[in-house]
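Here's the structure, in structure tokens; my notes come after.
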Amino acid sequence: MAALYAGGNTSASGDGEAPPPPTAGRRRGGWITTPFIIASVAGLTLGGGGWLNNLIVFLIQEFNIKSINAAQINNVICGCSNFFPVLAAVLADSFLGCFSVIWISSIISLLGLILLVLTVTVDGLRPPDCETGSSFCASTSRIQYTILFAALALVSMGLGSTRFTLTTFGANQFNRLKHQTTYFNLYFFTLYVSSFISATGIVYVEDNLSWAWGYGICIVANVMGFAVFLAGSRFYYHDKLQESPFTGLACVVVACVRKRNAEISSESADYYYADTDGGKVAVEEAPPTKSFQILNRAALKTEGDVLPNGSISKLWKLCTVQQVEDLKSLIRILPLWSSSILLSTPIGIQGSLTVLQALTTNRHLGHRFQIPAGSMMVFSLISTAISLTLFDHFLWPMWKRVAGKNPTSLQQIGVGHMLNITSMAVSAIVESKRRDAATSHHLQGGLMSVLWLVPQLVIVGTGEAFHFPGQVALYYQEFPTCLKSMATAMVAMQLGVAYYLSTAVIDFVRRVTEWLPDNIDDGRVDNVYWLLVVIGVFNFGFYIVCSWLYKYKNVHDQGISES
């Protein structure tokens, strides 16, 4: 089951194609590569999480950016870091290879971190600090904003590209599913531990020592991860580059348009089944399916389309039936994919608002220790990690004993929807209590404890343990074979769209209501959460309809993998 949690693309070579034999006595691939890759994951995750987890607080304190605007910038950056894996997957599969994408992205991330360090060490690269108790703060200049956003663009690009591509690159070092599963367990254990350390230790350094020390640790971690990755280069197995799968899908659309006046046939002999690489005609097969029948024209043979040797005479005018069916499979699953966007949008909004809420609460544990606001999301992380463990060892075996089979991916995602809605409702109730405490009490210690924010994060983390693996499993099982390498990267794209949509939702709320002023104590953040509840309920209804209408392509893979 752990193999389904990979947050990156999984190339075909990792699904059974054995690495080539050693050349000239040099071993390629296998367990000898794992220490290098896992150490790289640890270093690059520490370097990336150290700046991302505390970004909102950084923007507020160092660049005098208003709280809601800082939250909006944070969501945009999170969206970027989830869009880049898709681009990285295409570059890795078809142009540069995983190894090149990883080392180039590591350098890009390092350059961004260096710029961030400069912004907190060179006075001219950030505005003057606000005076204590003053309502006036110097605004950030255009050149300061330019350097800041350049740094954030570089680090988000590097973080997104390395984190997901390393997943694939490590799995491709093995040719047995058992070994790949063990690697994924090591990968995700390292990912969670590194994320926990960055969200607690590095964020604590940034809040209590200095931003320069915190970002300096990020640079050291990034350099060490990059260096260890390069040190193992002579042991790695490198995949052969492949043609981009999107080329074949685009060919279907173009060919269909070019043959828009052709009459659709029901005879299989009228369609092209040959393999586009070998040019050999396959055994006679059934005609294309009747769903989205208009696309069948792309595989319809007309005069001059096929050469005597069976190959296509003109590309972009004729496609194989398999390419047509691949596009149909993608179209069928898109409604389910789109419903996951509004599943993740409230999570993005909640994450940003939770940091702002934490800044207005009593964060002290005892007399000396204060929980950093940027560390609050670690409660969601811990909840997800514990839930995944409990599911694997207790819930799924119990479910199978009671129901006779494992839960389907769609059932997992559905439970995630319900928990997500519950978390938003709890957030609204807690925010009402926090706002009352903030406006009613003016004595020291009268503010609500930050620990009141923990239950909503635990619930949303548990929900993520349901819906995130369910989505990865569904897309990997149901996506066309040519898109297996992009299936799990589509989860990252969905998260990217969700973060961008969250900024649009917040912007809309600010334009038409007064719920989100710069000082959230004067607003109605609880109403924002109730709005997210309403959005979640309608989206859940849409998801139920989509899942009811959807028919699994791989029926035998409906349940959770027991690997």
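Cβ from N, Cα, C; glycine included.
The following features are taken from TrEMBL:
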{"type": "REGION", "residues": "1-28", "note": "region 'Disordered'"}
{"type": "TRANSMEM", "residues": "36-60", "note": "transmembrane segment"}
{"type": "TRANSMEM", "residues": "72-92", "note": "transmembrane segment"}
{"type": "TRANSMEM", "residues": "99-122", "note": "transmembrane segment"}
{"type": "TRANSMEM", "residues": "142-162", "note": "transmembrane segment"}
{"type": "TRANSMEM", "residues": "183-205", "note": "transmembrane segment"}
{"type": "TRANSMEM", "residues": "211-232", "note": "transmembrane segment"}
{"type": "TRANSMEM", "residues": "330-349", "note": "transmembrane segment"}
{"type": "TRANSMEM", "residues": "369-391", "note": "transmembrane segment"}
{"type": "TRANSMEM", "residues": "488-509", "note": "transmembrane segment"}
{"type": "TRANSMEM", "residues": "529-550", "note": "transmembrane segment"}
Of 142-162, 211-232, 488-509, 529-550, whichever stretch has the most CB pairs under 8 A to the transmembrane segment (36-60): 211-232
Long-range Cβ neighbours of the transmembrane segment (99-122) (under 8 Å; 6 or more residues past either end): 40, 44, 47-48, 51, 62, 88, 91-92, 144, 147-148, 150-159, 161-162, 165-166, 169, 210-212, 215-216, 218-219, 222-223, 225-226, 229-230, 233, 236, 238
Interface-richest range of 72-92, 183-205, 330-349, 488-509 toward the transmembrane segment (211-232), CB pairs under 8 Å: 183-205
Distant-in-sequence neighbours of the transmembrane segment (72-92), which means Cβ under 8 A and at least six residues beyond its ends: 7-9, 52, 55-56, 59, 65, 98, 100-101, 105, 152-153, 156-157, 159-161, 163-165, 168, 244, 246, 348-349, 352, 355, 485-486, 489-490, 492-493, 495-500, 502-503, 506-507
Stretch-level contact, the transmembrane segment (330-349) and the transmembrane segment (142-162), CB cutoff 8 A, at least 3 pairs: no
Maximum Cβ pairs under 8 Å to the transmembrane segment (183-205) - stretch from the list 142-162, 369-391, 488-509, 529-550: 369-391
